[in-house]
Amino acid sequence: MRSDAPALERNAAERAASTPVATSTVEAAPKRRRRDANGADAGTGRPPLALTIAAIAGLAFLHLPILLIFLYAFTTEERTYQFPPPGLTLQWFEVTWNRADVWPPLFLSLRVAAVSTVLALVLGTLCAAAMARTRFFGREQISLLIILPIALPGIITGMSLRSAFHVMDIPFSTFTIVLGHATFCIVIVFNNAIARFRRISVHILEASADLGANAFQTFRYVLAPNLGSALLAGGMLAFALSFDEVIVTTFTAGQQSTLPIWMLQELVRPRQRPVTNVVAIVVVVLTFVPILIAYYLTRGGEETAGQGK
């Protein structure tokens with residue numbers, strides 16, 4: 001049996017060598033492009049065409065009306081929104097500059113926005129410090145109550161404030177407008193400040209105390225550098241929201257008119273549409289710039305607190 005084994009192995013090897021190897025006549029299928037979880041091409045990183053078209057359509061829907069306002073600020077037609085405009089001119093900028101009734105609402109809006117922002121920075125930061133650094137019964141419920149005003153419809157806030165001012169016999173003035181705007185400006189600052197407070201390690205404050213710093217020095221050299229950008233961003237957003245607020249202002253302004261209220265009143269006058277569009281450009285610039293600054297200051301929010309940002 002042992003002598004037959006090599007012979008059997010040789011015969012099997014010869015048969016295997018003489019058997020033709022079957023080759024596939026079907027060509028290999030082309031490789032499919034791999035895509036990541038977002039549907040983008042894994043090789044080039046480009047999104048699908050349908051997603052690109054949808055994004056462009058969404059951006060156009062959001063921003064084309066604003067661009068039309070800019071366009072009609074230069075039109076020679078003062079009665080209708082004729083497209084395309086029959087001509088372009090800069091005369092409406094001169095007309096707006098020379099109108100005496102534009103400046104008081106503008107200065108009032110700037111003054112109200114500035115005072116509301118300062119008030120929001122003080123109260124919003126103190127509320128955020130209390131909510132982030134202390135533990136007490138009902139803390140979450142109080143945080144919800146602080147955030148609630150920005151979630152309520154503006155008409156509800158305006159009606160409630162107007163009723164409260166009547167009950168307390170407070171005359172409508174710049175003071176009442178500031179109080180109305182502060183209800184939502186405080187929330188903006190609070191949200192920015194508490195997010196930054198929660199990212200500041202308590203060990204940094206303990207280390208400051210161990211090194212002999214008092215409370216003011218800890219705030220000056222430890223907390224302020226870490227809170228600075230968050231508070232500045234919150235203040236910028238609060239200023240922008242206060243400057244173009246309409247609903248709450250309608251209920252708290254009395255006989256005064258901020259710039260957005262003035263614009264609403266001018267829209268019903270057909271010959272004033274180009275002037276209103278020029279003022280709208282001013283409003284867009286004065287609100288977009290603070291928002292852009294706030295975005296720049298908060299886009300590095302993923303960095304670790306304690307680095308002075």
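Note: Cβ is positioned from N, Cα and C throughout, glycine not excepted.
The feature region 'Disordered' is assigned by TrEMBL to 1-41.
Feature annotation from TrEMBL assigns transmembrane segment to 49-74 (among others). Within the same chain, residues 39, 81, 85, 88-90, 92-93, 273-274, 277-278, 280-281, 284 sit at least 6 positions outside the transmembrane segment (49-74) and bring their C-beta atoms closer than 8 Å to a C-beta of that stretch.
Among the features that TrEMBL reports, domain 'ABC transmembrane type-1' is placed at 106-294.
The annotation transmembrane segment is assigned in TrEMBL to 112-132 (among others).
Residues annotated as transmembrane segment in TrEMBL: 144-164 (among others).
Counting only same-chain residues 6+ beyond the ends of the transmembrane segment (170-190), those with a CB under 8 A from a CB of the stretch are 108, 111-113, 115-117, 119-121, 123-125, 127-128, 146-147, 149-150, 157-158, 161, 231, 234-235, 237-238, 241-242, 245, 248-249, 251-256, 258. If you look up TrEMBL, you'll see 170-190 (among others) marked as transmembrane segment.
What TrEMBL lists as transmembrane segment is 275-297 (among others).
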